[in-house]
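The annotation active site, proton acceptor is assigned in TrEMBL to E90. The feature active site, S-methylcysteine intermediate is assigned by TrEMBL to C337. Residues or ranges marked as [4Fe-4S] cluster binding site in TrEMBL: C110, C114, C117. The S-adenosyl-L-methionine binding site feature in TrEMBL is assigned to G163, E164, S195, S217, L218, H219, N294. For 96-332, the entry in TrEMBL reads domain 'Radical SAM core'.
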Amino acid sequence: MLNLLNLDRQGLSSFFIKLGEKPFHATQVMKWIHQQGVLDFDAMTNLSKALRLRLKEIACISLPQVDMLQTSQDGTRKWLLQLDNDNSIEMVFIPFDARGTLCISSQVGCALDCRFCATGQQGFNRNLSVAEIIAQLWLAEHTLRAEQKSERAINSIVMMGMGEPLTNFNNVVTAMNLMMDDLSYGLSRRRITLSTAGIVPAMRRLREQCPVNLAVSLHAPNDALRDQLVPINKKYPLDQLMAACRAYTKGKPGRQITFEYIMLKEVNDSTAHARALIKLLKGIPAKINLIPFNHFSHSSYQCATPEAIENFRDILMQAGLLTVTRKTRGDDIDAACGQLAGIVRRRKNTI
Ligand code: SAH
């Protein structure tokens, strides 16, 4: 049965046309599902009874099951969502004042095998469907709205949960189109950030098809070190990655790339590394996010000392690079960057 959560505005219009119905029903159904949070066809009162009956026969609107919800001392929340018998994923809501940011997963596990990441260490099973991606926003938005009795709960999205979003390109782009559509969540392009470990050809396609904010997980200023930490670097080394970053910002005034840099003790945190980073980023409109390493079981890395992080930041700032140290949120419930694991019962190690 077709899950209507898989369809964006265009997909829903074609669906109704194929049924021999008027395409404007797409507008009505999108509003019911995404704006009103209605999943029951019978409650869609502006559709004729006959159409509702027909929809019930051939389609469904189905969400993953919420297996667990944990709340951190700092208000961060983590949901464990069961997709099917073999797979569960996690998503995280990070509140700031009245509203907040939702961190969304794009795959079950991850195939990239970054050495410092819990998701990478568990292996990869499969891509998420459009429905499984947008359902994360649906669940968080409508749960929080009901709880807070507010009209709006989530005002920004980061595609930074489990998985590499650019290796699930089509589904991620369709889901982001739904996030931005005025008939559903109406989030502006600037309120969505996609984080990638550097899938160079897909970065070019993203600029053409859905140019949201881009964050790049850099983590090392030279190929020798980056090959070890982020193995996809062997396929797309730094000269290619930097060229793709330049191309992403070209001709779009005001656009900056956020470079994420995890701070690992005595691995990538020295003054020399900071200087090399400044050289590497020359000429690219950049903002730098230093991420203190978050520990997970079986990891042999340690977080850089606060002094090393401060020193690193000072050197970058003195060179005129806007640098922010990311505040760790939700680590008491393993909801911080790199700690998401979910459940991957079956592993495939290819994308
Ligand atoms: N695959 C994408 C998005 C997922 S990870 C990417 O690589 O960008 C989101 C961010 O968390 C990335 O910058 C990632 O490198 C970082 N991260 C992974 N493990 C971490 C850890 N243990 N501590 C801190 N940050 C981590």
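Each Cβ is built from the backbone N, Cα and C atoms, and glycine gets one as well.
A map of TrEMBL features onto the structure.
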residue: E90; record: active site, proton acceptor; Cβ within 10 Å: 24
residue: C110; record: [4Fe-4S] cluster binding site; Cβ within 10 Å: 27
residue: C114; record: [4Fe-4S] cluster binding site; Cβ within 10 Å: 21
residue: G163; record: S-adenosyl-L-methionine binding site; Cβ within 10 Å: 29
residue: S195; record: S-adenosyl-L-methionine binding site; Cβ within 10 Å: 22
residue: S217; record: S-adenosyl-L-methionine binding site; Cβ within 10 Å: 27
residue: L218; record: S-adenosyl-L-methionine binding site; Cβ within 10 Å: 29
residue: H219; record: S-adenosyl-L-methionine binding site; Cβ within 10 Å: 25
residue: N294; record: S-adenosyl-L-methionine binding site; Cβ within 10 Å: 21
residue: C337; record: active site, S-methylcysteine intermediate; Cβ within 10 Å: 27
Going by Cα-Cα distance, which of the binding-site residues (C110, C114, C117) sits nearest to E164 (S-adenosyl-L-methionine binding site)? C110
So which recorded positions out of E90, L218, N294, C337 are up against ligand 1, CB under 6 A? N294, C337
Which three-state DSSP class does the residue listed as 'active site, S-methylcysteine intermediate' fall into? coil
Taking just the CA atoms, what is the gap between C337 (active site, S-methylcysteine intermediate) and H219 (S-adenosyl-L-methionine binding site) in Å? 14
How long is the line from the C-alpha of E90 (active site, proton acceptor) to the C-alpha of C117 ([4Fe-4S] cluster binding site), rounded to the nearest angstrom? 14
How far is it from C110 ([4Fe-4S] cluster binding site) to G163 (S-adenosyl-L-methionine binding site), counting Cα to Cα, in Å? 4
Model confidence over the domain 'Radical SAM core' (96-332) (mean pLDDT, whole number): 95
Distance check, please: Cα of S217 (S-adenosyl-L-methionine binding site) against Cα of C117 ([4Fe-4S] cluster binding site), rounded to an integer number of angstrom. 12
